[in-house]
Ligand SMILES: O=P(O)(O)OC[C@H]1O[C@H](OP(=O)(O)OP(=O)(O)O)[C@H](O)[C@@H]1O
Ligand SMILES: O=C(O)c1cc(=O)[nH]c(=O)[nH]1
């Protein structure tokens, strides 16, 4: 695990964003862990997670012109990442959508910079891929090109119902469908390594449950 990935998992745990126990995911699975990006709800933690996004994007070495954050959580994540990138000397425009179209003022559903050029979609997680697919449609409808997806945590789990699991995760399906990279700051392997290394004794008790979940659903 690279330092950045290790530091990210540690940070997400200490911020209370990555938790262990029993949680139900959007797909209805009972998961032994959950990543709730809505809990990056203070200036310092939002600034810190944005630095992780910005550094991961810089390290990926992809060419891009601007950022797009799908409502709602993607809005703060993309905005804060743009601030972090500016702090690293790269000033990029960003935009996001409204979930409901506005029929007065400037109208429409897109807020922020004009969607143009190569656009990186920034979100927290991908579950079924709906948010990314909607983002791709909005970006293309504006005449721009989605070029990558950047998420915080790749859960690395096969999509589909329990009795008909897909070979691929939703992340892999999105990457294949659109022929673009899906980059994550950290993933399930990083998380597992982190709780296994004994550095945080309170988390060791969750190791077996995470291992069993990974065996059942992991890609
Ligand atoms: O891959 P998907 O199946 O789309 O799931 C992932 C999306 O779901 C969550 O947002 P949600 O749609 O709950 O909206 P929110 O950001 O307004 O909470 C999450 O923040 C992603 O955007
Ligand atoms: O699959 C989900 O619903 C999901 C998992 C997770 O860890 N975090 C999240 O926001 N959604």
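Even glycines carry a Cβ here, placed using N, Cα and C.
As recorded in TrEMBL:
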- 26, 72-73, 98-99, 102, 104, 123-131: 5-phospho-alpha-D-ribose 1-diphosphate binding site (BINDING)
- 34, 35, 127, 155: orotate binding site (BINDING)
- 44-164: domain 'Phosphoribosyltransferase' (DOMAIN)
Neighbourhood of residue 26 (5-phospho-alpha-D-ribose 1-diphosphate binding site) by C-beta distance under 8 A, where only residues 6 or more apart in the same chain count: 127, 128
Binding-site residues close to ligand 2 - of 26, 99, 104, 127, 128, 130, only those whose C-beta is under 6 Å away: 26, 127
Between residue 104 (5-phospho-alpha-D-ribose 1-diphosphate binding site) and residue 35 (orotate binding site), the C-alpha gap once rounded to whole angstrom: 36
Orotate site, defined by 34, 35, 127, 155: further same-chain residues with Cβ within 8 Å of the Cβ centre: 25, 31, 33, 125, 153
Distant-in-sequence Cβ neighbours of residue 126 (5-phospho-alpha-D-ribose 1-diphosphate binding site), under 8 Å, six or more positions away: 132, 149, 151, 154, 170, 171, 174, 182
Which of 73, 99, 104, 155, the listed binding-site residues, has fewest other Cβ atoms within 10 Å: 104
Between residue 124 (5-phospho-alpha-D-ribose 1-diphosphate binding site) and residue 34 (orotate binding site): CA-CA distance (Å): 12
Listed binding-site residues (35, 128), ranked by Cβ neighbours within 10 Å, top entry: 35
Annotated binding-site residues 35, 99, 126, filtered by Cβ under 6 Å to ligand 1: 126
Among 34, 124, 127, 130 [binding-site residues], residue with fewest other Cβ within 10 Å: 130
Counts of helix, strand and coil residues, the domain 'Phosphoribosyltransferase' (44-164), according to DSSP: 44 helix, 35 strand, 42 coil
Spatial separation of residue 35 (orotate binding site) from residue 73 (5-phospho-alpha-D-ribose 1-diphosphate binding site) - C-alpha basis, Å: 13
Distance check against residue 35 (orotate binding site) for the binding-site residues 99, 124, 130, keeping those with Cα within 10 Å: 124
Secondary structure at residue 26 (5-phospho-alpha-D-ribose 1-diphosphate binding site), reduced by DSSP to three states: coil
